[in-house]
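Worksheet: the structure to be examined is printed underneath.
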């Protein structure tokens, strides 16, 4: 058995994937993992891998000890090779490999470490269960595609720092241990050993601290920061995630949008070689909901939602007419080429609309002979022609309608629009379609909590022309808030902040805080506002989500080095885990939960 050796004076000269035909004739020293070993006609070929790529190493029996050691290595053994670069013989060039024109003839071979047989082959073309990948994440991250994603993450954060540094931003850390505040997701709590019964909270965002930095005169701040939210998980969410956080003083909304557009253009150019056309499109919240049924519109394709309430207000179809009479709406969209949908397919669409609260889904198939629909008999020929014209329907198209409240009709049709867009391949999956959404409502009413809640957060400045409505009609107040959306996914959101104590106190009052409760939770911020707070605003981006879209991945778990599962566990470390009674006692805590087995 070959003995594991040390480096003993060997110094790596090149990365495996860095060698080219121009290096032929050079002596090199390479180190990495055995990706694949092949024994052909007395020669041993080893594909040696490191993070830069692969290169073929040839071991000849004439090399003596080097050949003997190469005979014993297996996949994922760690080795060092010193040898001569030569061009591959004619007919053996591998055009699929960047180093495919050359190979390294081993003169010295050292085994640096052995490896057990991996639970899966370290290669991109292998379909491996995600749970197994996460359990052996240190092996999964060796795969070239995962290495590429790690490098993309590094390149992206470096580009962000370079861009913001050149524009006078300071990178400043804010506390990880802070106090729990309301109006967000559940906090992760950290008990204080020195103050029994009291808790820190891990930050959901640095929102209050970055505003305090503006009070402190920093003027331009950014941070690539960890944030924590104890919420139900989805494919694009994690309990801990990384955020690009920015804040600026003495700015208006246009200043922030312009700078962010330039930042996005720089990052996408530097990392992906993609040029973005500026300025980016903009939609108000109202326009986005009316046309796309979502405040995160995917504008890669049309199929926009159309209001037909005026056309059906007096029609003979009671479902439509009564919805309009109650103050609701009737809206529709045109699905091209879907007139032949079967009853089963139409029922499936109806079920999908019901998930978003729609009480039903009406349909009309446009055919060369006219309209085919169970509800066509309730309309005059003029009304049918008007509906087809309004929705720009053509023979072969399917018209879908929802009659309900404005919100339900918009969200149900918005969901159907996305579903039909996917089914009909109406967009290029490689396209990058950015849009800003602006003028969000400041507040919405929570029937469950029986109070107003902030659509973004309690520190968002109302649009100045809407200030009088704070007293008379709060739900009509628009916020100086903005989201950046890419391909129907929210990349980030921000706002101009409240910088006056009187407006902030009015906002807290609208949200149901008593003066005492506001003082208890946010007294430090209110006090700071008494000492000359500049107008300021900012934005925050989910870095993991942005990388997911840049890399065209389906889940952010691929873009985070050590992610949690959808149940919030780490399969590699088996976290979260129980702790000893002694640890709990030190923190003056006692567990009342039944002992459970961690699925990790």
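All residue numbers here begin at 1 and follow the chain in the order shown.
Glycine is treated like the rest: Cβ placed from N, Cα and C.
Look at Swiss-Prot and you will find 40, 91 tagged as site 'Important for tRNA non-discrimination', backed by sequence analysis. Swiss-Prot lists 183, 229, 456, 497 with the feature L-aspartate binding site, giving sequence analysis as the kind of evidence. Annotation comment: Swiss-Prot describes 207-210 as region 'Aspartate'. According to Swiss-Prot, the feature ATP binding site maps to 229, 230, 231, 238, 490, 542, 543, 544, 545.
Structure with Swiss-Prot features highlighted.
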| residue | record | DSSP (3 states) |
| --- | --- | --- |
| 40 | site 'Important for tRNA non-discrimination' | strand |
| 91 | site 'Important for tRNA non-discrimination' | coil |
| 229 | L-aspartate binding site | coil |
| 456 | L-aspartate binding site | coil |
| 490 | ATP binding site | strand |
| 497 | L-aspartate binding site | strand |
| 543 | ATP binding site | helix |
Inquiry  = I need the CA-to-CA distance for residue 456 (L-aspartate binding site) versus residue 490 (ATP binding site), whole Å please.
reply    = 13
Request  = Between any two of 229, 230, 231, 238, 490, 542, 543, 544, 545, the residues recorded as binding ATP, what is the biggest Cα to Cα distance in Å?
outcome  = 20
Query = For the region 'Aspartate' (207-210), DSSP counts of helix, strand and coil?
reply = 4 helix, 0 strand, 0 coil
Ask   = Considering the recorded positions 40, 497, which residue's Cβ sits among the greatest number of other Cβ atoms within 10 Å?
value = 497
Request  = By CA-CA distance, flag whichever of 40, 91, 229, 497 among the recorded positions is nearest to residue 543 (ATP binding site).
outcome  = 229
Same chain, 6+ residues apart, C-beta under 8 Å of the C-beta of residue 490 (ATP binding site), given in sequence order = 296, 483, 484, 542, 545
Ask   = residue 456 (L-aspartate binding site) has how many other Cβ neighbours within 10 Å of its own Cβ?
value = 18
Inquiry  = Taking 10 A as the limit, how many CB atoms besides its own sit near the CB of residue 231 (ATP binding site)?
reply    = 14
Query = For residue 91 (site 'Important for tRNA non-discrimination'), what residues in its own chain, 6 or more apart in sequence, show a Cβ-Cβ distance under 8 Å?
reply = none
Message = Restricting to the region 'Aspartate' (207-210), what is the model's mean pLDDT?
response = 96
Query = Could you tell me the C-alpha distance between residue 40 (site 'Important for tRNA non-discrimination') and residue 497 (L-aspartate binding site) in angstrom, no decimals?
reply = 69
